[in-house]
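According to Swiss-Prot, the protein has these features:
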type     : residues : note
MOD_RES  : 19       : phosphothreonine
COMPBIAS : 20-32    : compositional bias 'Gly residues'
DOMAIN   : 174-276  : domain 'BACK'
REPEAT   : 323-369  : repeat 'Kelch 1'
REPEAT   : 371-417  : repeat 'Kelch 2'
REPEAT   : 418-464  : repeat 'Kelch 3'
REPEAT   : 466-511  : repeat 'Kelch 4'
REPEAT   : 513-558  : repeat 'Kelch 5'
């Protein structure tokens with residue numbers, strides 16, 4: 001072990017006076033020869049100390065006294081249960097007890113006080129909290145704890161209970177939690193429950209709680225501009241489901257409720273064929289008037305400026321966030337079919353339906369809100385088959401026409417409504433072939449080939465051009481870049497990257513093309529650079545935290561994510577995100593599977609039961 005600073009020499013006290021042999025010292029006119037005198041350092045005037053242990057130790061001792069019923073000066077009688085305590089502790093923790101014991105109330109002079117309208121178990125938990133600063137809120141006690149905390153004015157416990165209930169929100173219970181919050185004047189919880197209900201209305205309307213709503217609460221919900229629905233038809237259907245749950249008692253409220261359905265925003269077909277033909281609607285004069293009003297709005301567009309009102313105002317549904325899909329790839333020595341979805345708002349990866357085939361080196365892109373997986377290698381053979389994923393149904397279909405060539409390590413992108421497959425290899429040679437898919441015709445057709453054969457190529461669309469970036473010509477990695485102009489069916493070279501890269505990740509972000517990772521002649525890369533189409537130049541950005549070949553790169557909700565890959569020794573399941581403001585990458589979670597050569601695609605979060613809006617997050621049911 002190394003010496004401490006100053007070791008090897010003898011240090012003297014700062015205020016020591018040393019007199020050596022042959023020296024002179026004068027004190028009070030005398031002298032001393034050959035002696036050493038050491039003066040004591042002056043004592044400090046103050047020494048301040050604050051104990052961090054004291055509050056906890058004191059509370060612990062006070063609680064022990066309470067447990068042993070020592071020095072207790074009050075007994076709380078709650079539901080027949082006697083709880084011993086100290087007035088000073090209760091008064092310090094609770095405004096309710098402080099007012100009781102320090103004022104002129106009769107209880108201030110009593111040694112036993114009866115507390116009514118409170119659950120005895122909840123009271124015991126709250127008294128324990130006063131002495132220990134600890135409480136466990138759970139599903140079995142929150143409905144008694146919250147009203148008890150409200151009564152005793154224990155604001156901290158009220159907040160904890162509300163936070164717990166906020167985390168429990170789902171479409172089957174949000175209306176009950178909303179009513180509970182309203183009853184106990186928990187305004188923040190009420191606001192969040194309202195917002196959750198509005199944003200997840202399509203799922204809430206199918207719950208039993210919705211069918212049991214009092215008419216006033218139903219009106220409060222459906223009159224909101226923030227109701228998140230695809231069309232006003234859903235609101236009408238929800239109202240009629242509620243009505244028909246108990247027609248005998250509720251038909252009297254139909255007009256009151258229907259006036260908050262925005263009938264003028266319905267399609268003419270639905271208004272006439274469904275609303276206008278409903279027997280309950282037709283039998284109520286006020287309802288018929290509402291239908292006629294909507295018909296006039298639809299039939300007389302020139303009069304609409306004079307007919308504006310709450311029923312003609314479009315709702316403002318929530319803008320759904322984007323989610324990232326990681327598709328296929330190579331893991332643990334084999335191609336995989338698994339697919340998972342990343343939600344940046346929760347930072348969670350969730351498995352979704354797998355593809356029908358294992359695919360590594362797969363090309364992935366999103367066209368018309370559907371996710372396409374193109375080609376790849378299944379571990380035994382090269383593929384030309386295509387699969388298409390619908391996030392609304394969580395299902396893959398294989399009814400897409402195959403590409404004209406088998407392709408793995410292929411680049412895939414969407415330009416002008418067409419899906420392009422660029423380069424790759426077919427098991428015999430590296431390809432420069434390019435073809436595009438027309439979803440209306442379910443047909444692939446060839447376009448002009450690239451000037452260079454490229455496998456492990458990255459592709460990007462910017463400014464109406466399709467860029468093919470890097471890759472390998474079958475012999476060595478490339479730094480060359482070319483772009484395709486669909487108007488002239490022609491490829492033209494642009495400035496090369498500063499680094500040769502194959503199996504790189506590529507994405508368009510803030511009007512730049514970002515190229516990250518990949519592999520050069522020698523090793524996997526962590527470096528990254530970006531292309532400015534205005535100046536036709538590449539410039540470096542900060543390197544990723546890991547080397548990544550076979551990496552996926554995508555922009556999700558305005559952030560750039562690098563997903564998976566291979567670092568030279570291990571397949572990766574980590575992801576990292578780039579911040580252009582700080583020019584830094586940071587790790588932000590892991591996939592369920594390690595993936596090399598998987599594809600990535602970005603879509604709007606679907607409106608299904610698997611996506612539940614909650615304050616600043618999406619919540620999985622029963623998770």
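Every residue, even glycine, has its Cβ placed from backbone N, Cα and C.
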DSSP residue counts for the repeat 'Kelch 5' (513-558), split into helix, strand and coil: 0 helix, 22 strand, 24 coil
Secondary structure content, the repeat 'Kelch 4' (466-511) (per DSSP, counts of residues): 0 helix, 22 strand, 24 coil
Segment confidence, the repeat 'Kelch 2' (371-417), expressed as mean pLDDT: 95
